[in-house]
Amino acid sequence: MIAVIDVSGNNLTSLTNALIRLGGHFALTHDAEEIQKASHVILPGVGTARSGMTALQQNGLIDVLRTLTQPLLGICLGMQLLLEYSEEDDIPCLGLIPGVAELLKAERNHPVPHMGWNNLHWQKTSSLQQGLNNSDYVYFVHSYALKADNYALARCQYHEEFTAVVKKGNFYGMQFHPEKSANVGMVLLNNFLSLESTC
């Protein structure tokens, strides 16, 4: 079973529809035991770092997520929450992946938030990359990003480079929305769900 963490009341229709198309058995949940028993865990996120961390704390999930051994995927804000710290609201995050979510630099031709399609530049071979290449585009909506590349699987160029896909151990992050990224996003989600679970 796939646990989709739902602590914020956000509209998760696009993500759940994508999982349905992939034939995944999933549950929207904030129950610690259900999350711990899941084969894969997805942490979506819309809003601010403070609201995201507050919601996780109020539901008693911070230590639960930190001790998971199965694959965990953070999407958009969910990826940023996996990091050590976010400049947005100056708030400590889960600390599962080294790095800081920093505000993107705005330029005349590169407004912030970064909204729209952009392509991935894969840095390391990964099971997530199977069936994909550097000509593939995905859909972004964000103002903050991980600029460091220590654990980057894929990077993206938007006036400055940032990490688009990150991995450390069983913790994965995608700064873009795979569920809104057409066929490429479906391949990425399917590749994640195909990762072996150690739960």
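Each Cβ is built from the backbone N, Cα and C atoms, and glycine gets one as well.
Per Swiss-Prot, active site, nucleophile is recorded for C76, and the stated evidence type is sequence analysis. Here C76 (active site, nucleophile) comes close to P44, G45, V46, V141, H142, M174, Q175, F176, H177: these same-chain residues lie at least six apart in sequence, with C-beta atoms under 8 angstroms from its C-beta.
Other Cβ atoms within 10 Å of the Cβ of H177 (active site) number 20 in total over all chains. The active site annotation in Swiss-Prot covers H177 (among others), and the record cites sequence analysis as its basis.
If you draw a 10 Å sphere around the CB of E179 (active site), it holds 25 other CB atoms from the protein chains shown. Taken residue by residue with DSSP, E179 (active site) is part of a helix. Under the heading active site, Swiss-Prot lists E179 (among others), citing sequence analysis as support.
Averaged over the domain 'Glutamine amidotransferase type-1' (1-199), the predicted model reaches a pLDDT of 95. Per Swiss-Prot, the feature domain 'Glutamine amidotransferase type-1' maps to 1-199.
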